[in-house]
Each structure stands twice: as structure tokens, then as C-alpha cells.
């Protein structure tokens, strides 16, 4: 429910306007020397107010560790942490106390629970993803050698057409939209500014590439590596689709075009499989793509209903993202890191594959 | 690993060429009077040899229940079942004993386990999905009132363009490709025949629609309803992508276009959300779409490697599907039924939503 | 690992001398109006320094809720809480930094993790049980009607011989040893004072009685009600044994003596079964008994080893309980409440048993 | 529910009088060459009819493996197996179709599920434990080096007084009651014969010793090694109590008597801890003891009720054990093996403890 993972497990709590968010990491190996600056760096990549194309809510998103770490190293026991909320403006949400915002979780939470913390969306707020960054930042530090890179691959109908192999991931952080192609990034930023000025929002996609993943991660049948990546990614607020390898394009192809032929060393000439075969990593790059819908809160007047079932007019207030994609990039990486580590810790692959190459 | 579900749980075993497949259903409510003919009907929809566009392996796929049922009713205890394999032609697979078929699980299984049952793909064979049909067919019988309909929505680049609302689901079974539009179905069947004659295979998509789902299914954060549906569907052999509601199209849209405005009764005027908001069902139709890659075994000569890392030539033998999509339709429905029932049994929604409409 | 329960789940963190303990409760039903004073009352029953027969460490053990509660009611989302540590005297533990205390977890933690927070036992400290009290106190409030009463039934070789039916549970809190028979309580208190003066510690037993438990809780085979109660109770620090109903005495009996004959209304004339048959509650009182070993830290000089494997002398410092049993009473109740609620939330019992009485 | 274990998982099904019992083992490592004779040997130790002090039901209890094994070796995929029921005499149970046997699960199953397979106790029958033997026999073969020995330590008030260190475990199988002391064994056998002649049954205890268990197994807090052993053992039919190390005797002791002082090599001079400290194995022998109540089915006339709530007379029929303890011995070992392997597969102990001895 509020837990992700089986071996490396993150359990979380927190509402947008409560006193703090936080979580507990269970199953973290002992003796890991943590780089706390790196953890904060990842939080900063996600935090609100980082640029003029994201929400202007101001939060330092400072994580405070309460247990599981002794003299800078993990002890193998559960790691508790909190991230205080600093800049709640709950009054911004007074206008929705009794109103259900269209395409939000307001209505379904009220129906399911009979009660909801309406302030900032309560538990349904994407503020929760700050917790995931903490879990993912620690996982990244344990997964030495594996490279995890996500980037913005489209905003609206503006697509970064280059394949990931042609990109320089070191440029992802060189612009505020997190697209590693400067020219396309400029266009995307302009697009988001236009949308925001119109009081509107826009969707987009994030692509993620995992390099140097060991062979053998993933479990047959129901815990295939891509199925677990998919579940994790579909849990991100606003995600409407997940594809890996050839994805939806692959559904148009023939077998003779789609098969990845082997080289003598077990690598493959093409990689439409996306680094996973039979649910198990094959050592090639793993890549996948996520669709994000446009943020539901727009600054235009819309009709909606209140708790009496009356049609009322409302207009977004508060501080919202015109496009979630730039801030989603580190979230995707964090989840990918946690899913990978979960499988690495389980790892039941044999040392001896019986292969002579 | 080999278990799906938390409350309604199916655990499975079986290889393509072993003596039998089978499974255990745990958490099935007591006192359900089972319709065994209906269970067999669902198995028949999936079974090989059912038409000339699917594999010609002959299996009756007869399920035998061993426990958990007394005088035709479920007893609340675990339901064990087996499906004997009848038509194994293991010699068909002698040629791959030492060879890794491209884009199959042969290589990854060997690497992970250091051993594999190469006959028919062993555990990685889609024959496993017969087990899922049993679990799903029982789930369907418990989920009275909920309608679950999947259908073939594309084969290669042939798309059924009509939205699901314009379709008559009763026609899905009226043709062998399981597309509810006769005209498009004809074209798809012709396409599959062409592909098969060329010794090739082709991909496609399946769309699934869930009607009359109660409000409140799905758990916030990591067990969102669509995330669990996604994980289940991504576990089907050959699936490369999952999208629900507006899906990847939604990523191109603006918030002002994408928001689903409410009617006074809490239903919505549009349904780009796909019946799920904040991970929780809102009572509208749930719909999603899956991409299937083309089957990897083709009847053309291909180069590949053997266990010594030598390049060798191989050609598909055995009996294989030129397109998995028609037989995938009942599998998608079965998994959807199991996921829904899993949430229904957990259901912690409040009876009193506090709403006055 | 650090989680108890499946439906009502408590995940915890915290070391004896860290900044705070805490936990996350997942699966708590929505709309429960919490009595915060009652929660604090339960914490006070466990807290150190409450009397002169327990450790003199001073902690207010004040719980602070961070999420999952809105306007005094549970919202159905995860409840995060922390309990700050106030009175750490870590210097008290400098003497054991490099020494393994006999019959403590020092040695096994060091061997398992290669690192340990030696201060106050770190994660192995019974201070963790404060977290359980919070989870249990909330569970108790949800389990309306079920009465949960634990009490001290022996200290060393001083036994409360009366059966639980002859006791007045309202007297448990009337003395500091938590034995509902005043006379025996006096003797127990005297015994504990003697032991403490001698720099020694002493074991004891706690008995717990659950009344008005609904029929049908517990799952056949591996999750029998008493097996889950047993696992929970055996997790309490210092517990060496668990028995329910007739327990170890039952092993000496004959079937003709041990069988509980029915009354016409389905109740039983005797209750050696302890309210559970076939792992499922039968509506009679559930009762069980726990053995606690004496606290390992004694104020006498003992020989032990250091991390170099050298024999060294050490003497207990810090503030320790001469007998854990009085403070264990509320802990046992808390765990019992959580286990019961876990089954209540799962509850898949049929409304119609088909019985005509 | 019907699953034990997290990493090495056994899920089971089957009723006493159904067509077959069976199970699925998930998480078994790949490449293990199985000794099938040894598996059958363990089944024979448990099977009915093996001597004149156990039930005379005749079952060969032959296990048939259906998957997960290829050319005699485990493949890492799920192992499915069945054990056909051969000697059901369901008519023996016609007399209890409408009657609830005292101290059985008949009443609670009917109340919980509203339906029950009354034949032979259905799912509540100890026949289920044959499945556990299979899971345990395979686990034993993987746990090379660890010695697991259980034995009958009391029947009624006849106790084997010798400590386990004074026993020769190779003699456990030399007599039908499975007590390694010939003299006491004789007395126990005589006692059981007397009880059976009187149409009665009798309880007893089983002690189990685990030698050469590696240091570091067990997880802090809720999955302590002894807590998981306790849960497993309390799941055995008729078990009423579990104690390890000093157990209930330890509750009478003082800390100065109870502490296990260290030797220079990290072993301890005494072992009242029972090989587990802080929930984690310390390398010393692990030992525990179980209380079994007398079998509820006696061959004397008893009063009970039927489904109309009427008092009726009944007398046990069918073939029942006068004392379950001899047949429980291999069951205890099987469960112990599965629990140990579950932790071994998880094993997250560090290779470097930082200790210099």
C-alpha cells in the first residue's frame, strides 16, 4: 500500500500540508558510507521553485535522518527520515474544501475514505515523491557501476527525435527542462512558458536509460524486471503509459525485423528487446519511456461540482507546475534505482552459467 | 515470484513440456458455486489449435481441480488444480538444446540459472498463461456485475480506429482474430495469413474495457489500480507497453483539453482519465491498451549463437503462433479479473462517503 | 523485517540513543476519531521511570503524529509518528563500545552487520517497543468490544496461582508490578527489590486474556491465529516461550480430559483449547502465557570478551530494569491488539454459517 | 495464508479425502541435484500405518514432481508436486457430516466459511503436513552442513530427562516412538498402547536441535529467528506451546544465573540463550521444545452438538493416532529446515564482521 519493494523497501507517509513527510527504508545493506550531499543534490533536482517553469512553492526539502546510520554509515537496521514541510499555504486551498477538482484525486479519495485532507491534495499530492528521492538516492549509491539516466523526451508535441545513443547525458542538467539537446530544450522551455501564460498546463514524456545492469535481474512470471519497473513508474502522479524497448512501435513490426541477433559474446546487434528478455536483464541497455498527462490544476475557470452535487465554478489557485516533466526526471531515476536494487539484493543468479564465453 | 495478487492469490508452476501445468488459488471466498463449463470455455478461447491463424499444437487444456471445492462450491480453502500437457513434441526442440534463440528467454535463463529446460521454452513458455485463465475464470464468476471485455485493436499497422464505445463486444468471438468489427477483422486475418506464409510473425495490440467497476478500488501511492493492472499485463509474454485512459496521446495534450469535467451525479463528461483518478476507480469505464511484439520464433533461417559462443544458423521448428494477439485476448481478461478481485477483497472503502448525491 | 502485520501494518525505526524512534501505520481504517489521551496513557504504562522497580531512565515518551490524521480523525492514509529520545546518556555506554555484553545482541549484531550502534543496544534496545504501544493503542480503539487484558502472572518462582477467571482485571493498574492480586503483588514487588539490591535481575511470566473476540478470526495452515500471536509475542525482547490454552500442561493430558465439550449454543463447557480451534477463534476467551528471561544487564562484575577476543571484566552501568515483566504488560496488550485487528481487517468469514442456532 | 516463507516459499493445497494433496515450492535455488530417495524416506517417517502406535490408515504417500526439475536438477523455477490420496474411506466420516467433534476445527470452519468438507477434517486434517515434508526434505538437502534433529522428549507425564547433549540422535529412528533413549522409549510405547486400548489419546512434547547453523541468521524486530521458528511450529496441528533455550524455566531464573558467558573465540560457556541472541543466531546450538495436546478424536462415547444445536452422542470412528508425537518428529524437522533456508537465502550478513578472532 504505502510500501515499494520486497528486499529494499521504502514505506512512506506524509501529506502536502502536514508537518512533515517521511519514510522508512528497510533492507538497506550495512556498512554503506553515505554521501549526504549527493542525497540533497537529488532532492534539489526535484524541489519546487528551482526554476521559472516549475511551481513556485518554496521548500528547502531538507531530509533529516533519525536512525539506521551510525558515524556516517548504514547499520543494516531500518533508516527513518523526515522532510519537514515549510511553506504550506493551506489557505490557498480553502476554496476547494468542499469542491472536487476535475481530474484530481479529490472525488475518489472522498468516495473511498469518506474523509480527506483537502489541503494541497493531502496524500495524493506529488509532494510525496520527495520521499522516493531519498530512497532512490541511497539506492543509487549502493548500485555502483550502474548508470541511471532519465531525461525529458517530449513536451506536448515537441519531441526529441534523437535516439538515446546519440545523446550526452551529462547535458541533462544544463537546462531547466532537462532535455539533453540544447536546441530542443529551448523550444520546450518556450512552449512551457506559453502554456503557463495561458493559464494552462501541458503533458510530456520522460525516457530513462539504465546502463551496465548485470545479467540475470528479474524473476520469471509475475515479477519480470520490466513489470516491476512498470508498476513503479505507473505509480508516479500523472503517468498514463509505460513502454520499454520497442514499445508500442514494436507492435507494428514483424518478427524478422524485431529479433535482436546475437554477437559471439552474447551481446546483441540490435536492442529492440530493451535489455530484458523473458523478464530478465540480458546485459544490454535497458530503456523505457513514460507518458505524463498535463497537470489537472489550470489557472482558467472551469466548471465542477461540490459535495452537494451542485455545479460550481472554480479556478486554480496555489502554486502549480505548468508541466511536471522536468521535475519528474529525478523521480523516475529514483524509482528505477530502487527497483534495480530490490532485484540486486534478491539476486539468485548462479555464478556459473555453464557458458564458455 | 510465481505468485500474483495479495488477497486473491494465484501461484503457478509448469513447463511447456513437463507432465502438467498447474496452480494454487489462495483467498478465494467460500460458498461460490462454480460454473465449470464456463472455466473450460475460457480455456478453449486460449488453447492452441483453435483456428488456422494460431499454433497447431493440439492440447485439450482440460483443468482438473484437486482441492478447495466440495459438492461444486468453493470451501474457502486453497484450490489446487493441474492442466496436463498432452501433446509435447519435445524432439521438435532438440535443435535448440545448445542454441539460444534470438529475442527469446533462452540466453537469460541460462545465464541466470546455469541450467534450463530448453524444451518448448520451459518455464518461459506462454503455455503458463493457461494457468492464469483458470485463476481469471474463477475471479470473473465472483465479480458479478463487472463486465470485462478485451479485443484485438491492431495487427501490425492495421488499426481498429473506432473507439470502444462504438463497438459491440458480443461480436469479439464471432471471428478468429477477436476483433469486434467484421471488416477490420477480415483484413487482420488476411494479414496474419500473409505473414505466416512468409514464415514470419507480426505484432499487435489488445484493448481492454472494464465496465461497472465500483468506486474506490485501488490504493494510494504504490498500489494504484492502474499500476497493479500494468504490472500484471506487462507480465504477459511479448508485451512491450501499457497505457490507460488517454495514454501516450495524453502526453501531447493541454490540461484544458484533458480534464474530465463532472456531471452533477459525480460521473464525468469525458473520460480521458480512463476510470481511475489518483490510482482509485471513479466509477467510469476503465480502459487500457497493450502492445505485443511479434513472436520471436520465425520460420526463416536466422543466425544465432550456441553455448560455446559460436555463430550458427537456425530455423524455427515446432508449432508457433504467427501473431499472439488473438489468443492473448482471454489472457488479458483473466489477469484483469484477478487484479480487480484482489482489490475487491481488500476493499476498505467506506460505506458512507459523506456525499449527499 | 521491521514490519508487523499484513492488513494493519506497523513499520518502525529507531535506536535507543538516536534522535527519535518512530513508525508508520499502514492500513488503518478511515474516519476513526482518535483518543490521543488514551494513546499517551498506554505509553505512560510502558515508560521508564514510572516506579521504583523499573529503570530510572527518564523519558516522557511523547508521541507526535505527522500524517494520516485530519481534524482528529484518521484519513485512511499512512500514519507517520515519531517519539523523540530525550534522556540519552550515551556516555553510560562508552564502556561497552568495544565489549560484548553476555546474553545481549551485541555480538550477533556485530557479526551480522559488521557495525553496530553500541549506545544503549542501538536497534536491539527494548526502547523500540514504545513504537508498538502507539500501533497497539490505535488498534485497541478500533477493536471496540474486544477486551484485552494482560497481567504479571509470575516473578521468579512466585506464581499467581489463581486462574484468570478469578481475577479482577481492573486491579492490574493498582500496583506497580501489574499483578491483579494485591497479596501476590506485594510479594513480587518485595522480590524485585531484593533482586535489585543484589545487583541482579529476575525473569517472570505475563498472561494475556482476550475476551469477546468474534468467531472466525485466523487462517488455516500457516497463519493460524495462535501462530501469529506467537510470532508477535516471541518478538518481544527477552521472551523465551509462548503457550496458549492448556499449553505445556496439555501435553501431559489425555484426550478424554482435554476435550472441550459443547453447550447447545456452540460455546464450550471447558476451554483448554484457549478460544482457538484449528487456528480459528471459536468465540471463547483466548488466553496465552509468555516466559521472560531475566534482564541480561546486571550490576555485578562479569567476565566477557572484547572485539579482539580478549577476556575482560565488565559491570553493568546505565539504567536498567531489574525485571521487565511489569513494563511488558502493556506491550503484550499492544501486540495482541495489532494481531487481532490484522485479522479483523482481513476478515473473510461468511455472514451465513448455515447454522440454525 | 497457505504459504510459508518469504524467500523459500511453500504454498500448499489439499484435503484429507480429496484426490490429492500438493504444493508449489518457489525460490528454490537452481542446479541442486535432488536425492529423491531421501525425500521419500522423510515422507515414510511421517506416513500413517508405519507402526502399531500410529493411525492404521494406509497411504504410500508417494510424491510426484510435475515441474521445476530437469534431468534430476532444480531449474530455479517453481517446483510443483502432488501426493495422491489413495486410501480415503470417506464413509467413515458420514457420522460427523452434521456433527461438530469436540476440540476439532469442525465448528470454527463451519462458522468461518459457512461450508466445510467434513470428510476426515478436510483442509484441517494433519494430512496436509505431508506437503511440508516435501518442502522440508528439499530444504534439508540444500542446507548442507546444518544438522537438524528432532525427537520425542515426553509422552504424557513420561519425560526423557537427559539433556540433548547426552543423546545419540542416530538412535531416534531405532524405535517407533522416536525417543533416542531406548529405556524411556519402551516406557513411552507401553504408555501409548495402554492409552489406545482405553480408547483414549495422549499428548507429549518434541524437542528439536539445530547444529552448525551459521552466525547471523534472523532479522531484528519482527522476524527474529526464534519468532519465525515459533510461528512455523505453532502451525502444526495440536501444538499448544513453543519454548527455546531456557524457555519457561528461564522465567524463574536470575540474570546472574542465566547469562551465557563468552569464551575467547566468541562461543559461550553455557547456552541458555538457545543459540539465538537478539533474534539472530550466534553459532551455538539452537534448541526448542513443542507441546502437543492429545488428539481430540477418542474412541469413547462423548456428547457433542449437531448443526441444529442439539446435544447428540458420538464416538470416534476412522483411523486415528493415539499420540501424534512420533509422527510429528519429521514434521518439526521439515519446518525447521524451511525456516532456516528461508533466512539463509535472504542472508544479508556481512562477510567482514570487523572482529579479529
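Any Cβ shown, glycine's included, is placed from N, Cα and C.
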B:123, B:124, B:125, B:237, B:238, B:278, B:293, B:294, B:295, B:296, B:297 bind FMN per TrEMBL; candidate in B:178, B:319 listed for that same site: B:319
Residue with minimal Cβ packing [other Cβ atoms within 10 Å] among the binding-site residues B:46, B:123, B:293: B:46
Of all listed binding-site residues, namely B:125, B:238, B:293, B:295, those lying near chain D with CB under 8 A: none
Entry from the binding-site residues list B:125, B:297 having the most other CB atoms no farther than 10 A: B:297
Nonlocal neighbours by CB distance (under 8 Å) for residue B:238 (FMN binding site), same chain, sequence gap 6 or more: B:126, B:203, B:292, B:293, B:294, B:295, B:324, B:328
C-beta crowding around residue B:295 (FMN binding site), within 10 angstroms: 27
Against chain A, in sequence order - binding-site residues B:46, B:123, B:125, B:238, B:293, B:295 with Cβ under 8 Å: B:123, B:293, B:295
Residue B:46 (NADP(+) binding site) to residue B:125 (FMN binding site) - Cα separation in whole Å: 14
Coarse DSSP state, helix versus strand versus coil, of residue B:123 (FMN binding site): helix
Three-class DSSP secondary structure - residue B:46 (NADP(+) binding site): helix
